[in-house]
Amino acid sequence: MPINLSPKVYTRFRLDPSARQLFLAACLEAAKHLQWDVTYLSANSFIARDRGDITGEIHEVIFHIIGESGEIISRTITNNNSKADREENSQVIRAISQEFNHVWNSHNTPGGQTHLVAQWQEAIAHYKSIGKDKTARNNDFFKNILGIFIPGKGYEVTPVIIGLNVLVYILMVITGTNPIDPSVADVVKWGANNRELVMSGQWWRLITSAFLHGGIIHLLFNMYAFVYIGVMLEPILGRLRFIIAYVLAALLASIASIWYHDVSSVGVGASGAIFGMYGVFLALLTTNFIDKHVRKGLLSSIGLFVVFNLAIGAGGNIDNSAHIGGLIGGLICGYIFYLSLKKPDNKSLFANTNFLACLVILAVCWFLLRSIH
């Protein structure tokens, strides 16, 4: 699983401009009290890792300044990526926040604050002298990029789908397709979605079009959005539900596109399927399945992402009908999957809800196809 893309939990402290160094100094002292290992430190931020818990999970905590606030972010960096990831990160945040408050209050005198800041300045000089003011971040960057393509526990389907999308793009470019702005003829040859071709019997285009992209920028944006949702959602759904949701969302997105557009329209891209995965997550966030401490923040951020992208898609050559179709498909799957996610040990319910999701989405697809003239 990608090292830097696991679910994150954060907290913020409102700061006076004069207290920024003091905030980082107190955080560093708190991390030392907890016996965490500092892996990176510069004048404006530092990163520390705990010693791991009984499950082997290791958490990386980032301390930095954002505007007028000091922010602490916890994320899991090991490959276990259990469903309890977010709660574990919440516990890490609670532990460091409690220790931070203790350090802050115990040094709440001019002399105590001066001592903390002096220690911070010494730490900056020390970590610069041993090369940990830049190297750690640079190494993590390359590990994160490679980690996107590496399957791990709870992150198995997402990298495979990413790999397929990238592979198809590379094959298209190798065979002569323009890497920036492919022609309509080229994408149609590779399996783009089109009402006339689909209705004439080329039904496979409803799925193949979800693995084609209109250039490198289109591919990168879609894969970025997919990694973000995949790393959070796949550990929750598991392999089979994740695959079912992705394929059904892709199918409904493609059918919604040919239902809405005329025969001259040609569609490609994974965004309909990706919107479906965001729809699944939105559905779960409106239930009590996700921990209430993180549900509100995630609902706001995911909801804003969806609304913002739909607004962008209202103009230009973006196929919002596919986005909306995929989103609706994802919402349907999410609410149906919720029934079995509540009872993970009920195997028959697991099978029945998977079947029901397929049945409902296929019924919607059939209705849309029947209404195409």
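Including glycine, each Cβ sits where the backbone N, Cα and C put it.
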Point to revise | Which listed span TrEMBL calls transmembrane segment, if the choices are 117-136, 297-316 | key: 297-316
Revision key, fill the gap. Of 22-41, 322-341, the range TrEMBL tags as transmembrane segment is 322-341
Revision key, fill the gap. Relative to the transmembrane segment (203-231), the stretch among 243-260, 266-285, 297-316 with the most Cβ pairs under 8 Å is 266-285
